[in-house]
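Undergrad: I am attaching a structure below and will ask some questions about it afterwards.
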Amino acid sequence: MSTKDFIEKDYYKVLGVPKDATEAEIKKAYRKLARENHPDANKGNVKAEERFKEISEANDILGDPKKRKEYDEARALFGNGGFRPGPGAGGGGTFNFDLGDLFGGGAQGGGGQGGAGGFGGGLGDVFGGLFNRTGGGPGTGTRTQPRRGQDIESEVTLSFTEAIEGATVPLRMSSQAPCKACSGTGDKNGTPRVCPTCVGTGQVARGSGGGFSLTDPCPDCKGRGLIAEDPCEVCKGSGRAKSSRTMQVRIPAGVSDGQRIRLRGKGTPGERGGPAGDLYVVVHVKEHPVFGRRGDNLTVTVPVTYAEAALGGEVRVPTLGGPSVTLKLPAGTPNGRTMRARGKGAVRKDGTRGDLLVTVEVSVPKDLTGKARDALQAYREATADEDPRAELFQAAKGA
């Protein structure tokens with residue numbers, strides 16, 4: 001892949017994701033497209049094969065945080081296939097480079113370029129970092145770009161009922177935010193000066209070649225482009241301070257233990273006008289003394305008497321947060337049989353509910369009254385000729 005292709009190809013468009021997509025979103029988009037265009041699923045389809053290669057190439061760049069950062073930086077500098085510094089560069093001339101010539105090493109600047117010749121280098125140079133024009137006046141620099149805020153992860157513990165029905169819970173978080181004392185400037189008086197080392201760009205050259213240099217964050221201003229004359233006592237001149245806040249978070253119905261919920265734009269505030277990061281809420285769910293959960297279904301174990309199991313009847317069953325339901329118990333119901341109360345389970349994403357799975361547990365009495373004992377004794381005598389274990393022994397012999 002040539003450097004020209006690297007710069008000009010929009011890999012975000014290839015995968016169909018926004019430029020601020022998370023690693024998880026990029027991975028999900030890649031897997032979906034890779035399945036659809038895989039050569040094994042499209043035998044003889046040349047277009048699908050080319051598309052698969054393009055998708056894999058995009059994932060190789062965007063799926064690697066380091067490569068993605070360098071790709072974004074390179075596109076920001078050579079965005080539309082041409083590099084056009086402002087009039088402050090060198091003698092004030094405008095430079096128009098064709099990417100094909102530029103990365104071939106034969107680009108020449110227009111009038112007033114101030115002694116800059118062509119430069120060599122290919123994809124390896126781009127992966128090394130941003131290119132920055134050397135020579136000329138302060139106008140050659142570009143001010144530090146807006147920076148997206150960091151993502152935050154927090155945890156919340158819900159009761160079993162809250163997880164099933166949904167709940168709004170208070171969430172207290174601590175993060176770095178623009179310092180209120182100095183309005184994020186880092187200067188006590190709110191009037192920082194432009195860093196003389198980087199001339200406000202936030203970057204300094206770390207080596208040159210062919211008239212261009214690779215850049216690093218300025219060590220004097222820490223990449224901010226500004227220096228506090230009188231550092232703020234609260235943030236020590238950084239412009240950022242620890243901030244605590246409490247917000248009400250709506251947890252949707254039907255969440256499960258360990259589920260991660262993403263709230264866009266609720267993370268750390270961005271810098272220099274950049275967007276805020278995201279908030280990820282990890283949900284923990286307490287156990288319920290009666291009910292359990294199996295996917296969208298709830299479970300409950302209901303004890304029944306021997307007579308109810310043998311003769312059949314109606315059994316009342318509790319539900320979560322609602323009135324009880326009555327289930328008809330067929331005669332001869334064995335211990336451990338599961339019955340279903342439809343629509344009494346957990347809430348699904350489409351608003352419908354799963355079922356309540358009711359497991360029958362035959363209760364054996366520990367203390368029998370005289371009449372009950374006599375009745376069971378009579379039952380034993382009446383069924384003395386029956387052997388419930390006969391089939392068991394027969395099967396054991398035949399195995």
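Including glycine, each Cβ sits where the backbone N, Cα and C put it.
Copying in the features that Swiss-Prot gives for the protein in this structure:
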type: BINDING; residues: C179, C182, C232, C235; note: Zn(2+) 1 binding site
type: BINDING; residues: C195, C198, C218, C221; note: Zn(2+) 2 binding site
type: DOMAIN; residues: 10-75; note: domain 'J'
type: REPEAT; residues: 179-186; note: repeat 'CXXCXGXG motif'
type: REPEAT; residues: 195-202; note: repeat 'CXXCXGXG motif'
type: REPEAT; residues: 218-225; note: repeat 'CXXCXGXG motif'
type: REPEAT; residues: 232-239; note: repeat 'CXXCXGXG motif'
type: ZN_FING; residues: 166-244; note: zinc finger
Undergrad: Just to verify a number: CA distance, C221 (Zn(2+) 2 binding site) to C235 (Zn(2+) 1 binding site), in angstrom, no decimals.
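TA: Answer for this pair: 14 Å between alpha carbons.
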Undergrad: List, in sequence order, the residues of the same chain other than C195, C198, C218, C221 whose Cβ lies within 8 Å of the centroid of the Cβ atoms of the recorded Zn(2+) 2 site.
TA: P196, T197, V199, G200, T201, G202, Q203, V204, P219, D220, K222, G223, R224, G225, L226, I227
Undergrad: In sequence order, which same-chain residues at least six apart have a C-beta under 8 angstroms from C195 (Zn(2+) 2 binding site)?
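TA: Within the chain, C195 (Zn(2+) 2 binding site) has Cβ neighbours under 8 Å at G202, C218, D220, C221, R224, G225, L226, I227.
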Undergrad: Between C235 (Zn(2+) 1 binding site) and C198 (Zn(2+) 2 binding site), find the distance joining the two CA atoms and give it rounded to the nearest Å.
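TA: C198 (Zn(2+) 2 binding site) has its Cα 22 Å from the Cα of C235 (Zn(2+) 1 binding site).
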Undergrad: Test of understanding: give the count of other CB atoms lying within 10 angstroms of the CB of C235 (Zn(2+) 1 binding site).
TA: 23
Undergrad: Report, in whole Å, the straight Cα-to-Cα distance of C198 (Zn(2+) 2 binding site) from C179 (Zn(2+) 1 binding site).
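TA: About 23 Å separates the two Cα atoms.
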Undergrad: Let me check the 10 A CB neighbour count of C218 (Zn(2+) 2 binding site). How many other CB atoms are there?
TA: 21
Undergrad: Given the Zn(2+) 1 site residues C179, C182, C232, C235, which other residues of that chain have a Cβ within 8 Å of the mean position of their Cβ atoms, reported in sequence order?
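TA: Same chain, not in C179, C182, C232, C235, Cβ within 8 Å: K180, A181, S183, G184, T185, G186, D187, K188, P231, E233, V234, K236, G237, S238, G239, R240, A241.
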